[in-house]
C-alpha cells in the first residue's frame, strides 16, 4: 500500500484539509504584505531643502516687508526640471531680485547653489513617516532605497536554499513554525532599528523566513491532500497572494507611519507561530525518513478529524513499512544539474525556461515595488493589482488547457511588455491611463507565472524535473533582486527603466516560441524521452501500455 492509498483511507480531502488550508493560507495573505510593504514604508514624499527663511523662526523675524511663503521659497530654492522647487539644491544666498515683477530665469541662472546641507523638509500629508524621511534616502542617497528592496529579495533567495534543505532534514511543520517566529521577531525588530544598515539586516532575516513560510506551506498542502484535491488547495494558496495585495493596500491606508506599519504586518505571525504547534507534521515526510511511529500518530489524528477514526485505527506499523517500501525511489539515475546544460534536447529548454522565469521576477518586482511611478493613488493601485490578479490567475488555468501552454506563455509575457512600453508614450498628466496600463501589465504577469509554473514542469523529464524547476526559480529570484536596481537608470531619463522593464518580457516571450508545445503530450520520464520527442507530436507509452499525459491544467 503506497502513501496515496494511506491518505485516501484517512481522508485526502475532508474537514482536516479544510482546517489546514485556512490555517496555512491565512499567513500567506500577510506574507504578501511583507513582500509589498516597501511600496508604502519606503514611499518618497515631495521634499525640498531646509532653508532658514522658511524653516527657522529667527530668520523669519528678520525678513523685510510682508512676503508670503511662496515668495520666500522662490528666493531660497531654484526651480527643478519640472519648474517645481528643486528637491536637491538651494541658493547659497537668498535671491531677492526674483521678487521683482520682471524677474526671469537669467536673474538666478548664474546664482551659486549648494546641496541640501541642513537636510530636507518633507510633505507629510500622505505619510507621517517612511524610511526615506527617517534616513533621508533622497538625492545623493536615493540609490539606497532600491538597494533595500534588493536586499530583501536576496533574503528570499538565501532563505529558499536554507529552508529547503532544513525542511528535508527537520520536517516541514517544524521549519514552518520557526519561520513564523523569525518573521515576527525580525519584522518587529526592523520597526525599531535606529540605523538604515540594521533595518536592512533584519529585513534580510525576515525575507529568509518568508521563503520558509511559502515553501513549507506549499509542501504541507500538497503532502496532506489527495491528487484530486491538490489543484484546488494549490489554487487557494495562489489566490492567497492575490488577496494579500488587497490586504496590503488596506492596511497601509490605515497606518501611515512606517514603523507602526511594519509592526502591524509582523504582529500576526506571533499568532501563527502559536497555533502552528497544533498542525500535524507531514506523514509522508515522517514515513520517508523512517519515523513510522510519529507518522502513524499523525495519520490517525487526521483520520479522527475527518471522522474516519475506524479506518485510522486499522493502520499499523506493518502497513506503514509497506508504504515506505512502495514509495518511488528518489534516485535520479545519474541525472544532475550539468545534465540540463549538456544534453542537447534539454539545453535550449533550460535556457529559455530560465529566461522566462527571470523575466517574470525581474519585471514584476521591478514594477510592483515602485507603484509611485505608475500612479498617484498607490493604495488603490495596490488593491487593484490584487483584484485583477484573481480573475487572471483563474482564467489563465482555463486558457492554457484550451489554447496551449506555449501560446499562453508567449502572450502573457509579450502583452505586459507592450503595456509597459506604452506607458513611455503616455504623459504623466494622464494618471488614470498610466495606472490602467500598469495594472493590466502586472495582472498579465500573474498569468505568466501560472503558465510558466505548469509549462516548465511538463518540459522536463521526471528524473530531473525538480532540479530544473528549482534552477528556474533561482533565475526568477535573481531577476527579482535585479529588478528594483534598474530604477537607478531613471537619472538618465524617466523612460529608461520602463524601456528595460518592457523589452525584457517581450524578448523572453518571443524566445518562448522556440519551446515545444506540451498540451496533451505524454509527460517525459527519462532524458531519452526528451531526445526522442519531436516538436509537434510525440507518443510515449508507459510500461503497462497506458499513456501518461500532461496535466490538463
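A Cβ is built for glycine as well, from the same backbone N, Cα and C atoms used for every other residue.
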So which of 56, 107 shows up as N-linked glycosylation site in Swiss-Prot?
56
Candidate set 59, 129, 534, annotation phosphoserine, source Swiss-Prot, matching residue:
534
Between 343, 542, which does Swiss-Prot record as phosphothreonine?
542
Between 204-224, 288-308, which stretch does Swiss-Prot give the note transmembrane segment?
204-224
Could you list the residues of the same chain, at least six apart in sequence, whose Cβ is under 8 A from the Cβ of residue 56 (N-linked glycosylation site)?
none
So, in DSSP terms, is residue 56 (N-linked glycosylation site) helix, strand, or coil?
coil
Counting Cβ pairs closer than 8 Å, which of 260-280, 351-371, 378-398, 466-486, 495-515 has the most of them with the transmembrane segment (182-202)?
260-280
Can you find at least 3 Cβ pairs under 8 Å between the transmembrane segment (10-30) and the transmembrane segment (435-455), where each pair is 6 or more residues apart in sequence?
no
Below 8 angstroms Cβ to Cβ, which residues of this chain, lying six or more residues outside the transmembrane segment (412-432), approach it?
356, 359-360, 363, 367, 374-376, 396, 438, 440-442, 444-445, 447-448, 451, 495, 498-499, 501-506, 508-510, 512
